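For reference, the structure discussed in these notes is given below.
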Amino acid sequence: MLDKVKNVIVVLSGKGGVGKSTVSTQLALALRATGHKVGLLDIDLCGPSVPHLLGLEGRDIYQCDDGWVPIYTDESKTLAVMSIGFLLKNRNDPVIWRGPKKTMMIKQFLTDVKWEDLDYLIIDTPPGTSDEHITVMECMREVPCNGAIIVTTPQGVALDDVRKELTFCKKTGIKVLGIVENMSGFVCPHCSDCTNIFSSFGGAELAQLAQVPLLGTLPIDPRVGVLAGSTASVLNELADSSTAQVLRSIVQHLDGLTALPTSA
């Protein structure tokens with residue numbers, strides 16, 4: 001039930017291990033920190049990490065007459081979360097499902113969750129281009145979707161997979177809002193200098209080639225890693241960090257596209 005959702009943003013990645021779920025989670029927290037009501041939907045059925053990243057493991061979801069009730073992280077209901085991780089008894093339990101069952105579950109997530117009034121719904125998808133992605137895109141035809149943010153890393157192999165993701169978006173008719181290059185350098189925890197430990201500028205070159213915006217480059221920052229397992233936003237806890245600056249810029253970019261006001 002997305003009738004109360006103003007904007008839907010899909011977060012994609014060409015391959016696993018690029019930090020897509022971390023970017024999705026921190027983007028949702030950044031949007032909330034700037035005054036928006038946000039939903040975060042984790043449809044990575046085989047590797048749901050959002051409950052862990054937000055410290056929500058062990059929470060139970062319930063059904064009401066209108067569908068599943070998402071997990072709220074605060075009494076004001078400014079951040080609502082839904083993930084298959086809440087349906088698993090143990091985080092280490094594998095999800096061994098064939099395609100049709102995965103498709104059915106994703107459709108349920110997109111149609112049977114009772115989202116309240118939301119400014120943004122962030123959808124964290126599995127890596128690659130699979131049945132799950134096709135299901136999401138088919139469901140999005142019935143609901144206005146603003147577009148996709150693609151997360152990559154500077155390495156060549158990751159960029160090759162992003163090219164496939166861009167082609168997928170083009171063929172399925174979803175607009176690419178921009179590219180985020182994650183793990184772009186390492187921030188020293190002692191002096192705060194950033195050192196490029198992988199290739200550099202790959203995300204910028206790919207964005208230029210695809211003629212889409214480069215939304216920002218996020219470094220590996222150990223201080224950000226410490227926030228995992230909580231609902232603390234980088235914008236509040238590390239306000240002067242380069243990660244916070246990039247996330248703030250992405251929020252402003254999205255608000256500019258959707259004409260939603262951002263609070264200070």
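Glycine is treated like the rest: Cβ placed from N, Cα and C.
Worth saying up front: this structure is predicted, and the values here are computed from it rather than measured.
Residues or ranges marked as ATP binding site by Swiss-Prot on the basis of sequence analysis: Gly14, Lys15, Gly16, Gly17, Val18, Gly19, Lys20, Ser21. When secondary structure is read from DSSP and collapsed to three states, Lys15 (ATP binding site) falls in the coil class. Cβ neighbour count for Lys15 (ATP binding site): 20 (other Cβ atoms within 10 Å of its Cβ, all protein chains included).
Residues or ranges marked as [4Fe-4S] cluster binding site in Swiss-Prot (evidence: sequence analysis): Cys188, Cys191. Every protein chain shown contributes to the tally, and the Cβ of Cys191 ([4Fe-4S] cluster binding site) ends up with 7 other Cβ atoms within 10 Å.
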Between the binding-site residues Gly14, Gly16, Gly17, Gly19, whose Cβ has more other Cβ atoms within 10 Å than any of the rest?
Gly14
Return the residue, from the listed binding-site residues Val18, Cys188, with the maximum count of other C-beta atoms within 10 angstroms of its C-beta.
Val18
On the three-state reduction of DSSP, what should I expect for Cys191 ([4Fe-4S] cluster binding site)?
coil
Closest of the binding-site residues to Cys191 ([4Fe-4S] cluster binding site), Cα to Cα, picking from Lys15, Gly16, Ser21?
Ser21
